Amino acid sequence: MMSSFHEPIKCLFFFLRTDVASVSPWSAPIIWEGNFDSTLIDSIYKQQNLTIATTVFALGKYTRFVKDFLESAEQHYFVGFRVHYYLFTDQPESVPEVKMGENRSLTVQNVPSLNRWQDISMSRMEKLENLIENELVNEADYIFCLDIDTKFYGRWGAETLGRLVGVIHPWFFDAPRSQFTYERRPESKAYIPVEEGDYYYAGAAFGGSLEDVHHLTKTCREQLNIDAANSIEAVWQEESHLNKYFLLNKPSKLLSPEYMWRDINEKAAQIKIVRFTNVPKNYAEVRPNP
């Protein structure tokens, strides 16, 4: 595995904002606009000659989102760094040509079609686990796993790098824990009791070092398989298992909802900039099943 400069020097985070929490209860930084120096961070991380692997899945009608995702990523995502995108799709012939910058590349991986969007969601952990084991061990330093039905509108850079990185879900960042949609059935391996939980994390974006994300994906894949053997499907599939994993394995860095917002046209007082957001869509039209 390539060596990684896992955690930024603490003095790079100045915690200037007083309207939001800039540190978790276990002292992990929470990244918001206004509490980091992008120029200083880039100058330090660019000395490390890093490669960031980035995975997305585009099955069925979701191939329509590939062009906007890649074009906007080339404008805003780890600009000036070496980035290798890995696109998993059942329609490789539908992947559009997108001009890549220097030290940026795209690998398309053909995967079988699936009849349920829930199965697509649950199969991702196994695909990511295998990718890290078989292809990335000596090819990348960090990996981010992102949803394809999204678009970048602002900087997503080296301030996001860390050993294990979770993104606070945009629907629950200012909600009480009692409203978090964790899996509440004790029969599921994703079960989280009502009195437990730190944050609700988005399944649409997570990342970290290869070693840590490999452990995450392997663990979630194993837990998903145990649930399947017991005829249980967690309420939000892999996202439920991701939240259970992060409860037991605290992220070393949290990204604010700037890094996974609901819609570019929605506003919230705490959100000074929208960096990455869902693309509005008719789920009934793009998904293969209800």
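Residue numbering: from 1, along the chain as shown.
Cβ from N, Cα, C; glycine included.
Taken verbatim from TrEMBL:
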BINDING   Tyr62, Asp147, Ile148, Asp149  UDP-N-acetyl-alpha-D-galactosamine binding site
BINDING   Asp147, Asp149  Mn(2+) binding site
ACT_SITE  Glu239  active site, nucleophile
For this session: Enumerate the residues of the same chain, Tyr62, Asp147, Ile148, Asp149 excluded, that satisfy the criterion Cβ within 8 A of the mean position of the Cβ atoms of the recorded UDP-N-acetyl-alpha-D-galactosamine site; list them in sequence order.
Result: Val56, Phe57, Ala58, Phe65, Phe69, Thr150, Val279
Exercise. Within 10 Å of the Cβ of Asp149 (UDP-N-acetyl-alpha-D-galactosamine binding site), how many other Cβ atoms are there?
Worked result: 22
For this session: State the Cα to Cα distance, in Å, between Glu239 (active site, nucleophile) and Asp149 (UDP-N-acetyl-alpha-D-galactosamine binding site), rounded to an integer.
Result: 16
Problem set entry | Whole-number Å value of the largest CA-CA distance among Tyr62, Asp147, Ile148, Asp149, listed as UDP-N-acetyl-alpha-D-galactosamine-binding | 10
For this session: State the count of C-beta atoms found within 10 angstroms of the C-beta of Tyr62 (UDP-N-acetyl-alpha-D-galactosamine binding site), not counting that atom itself.
Result: 23
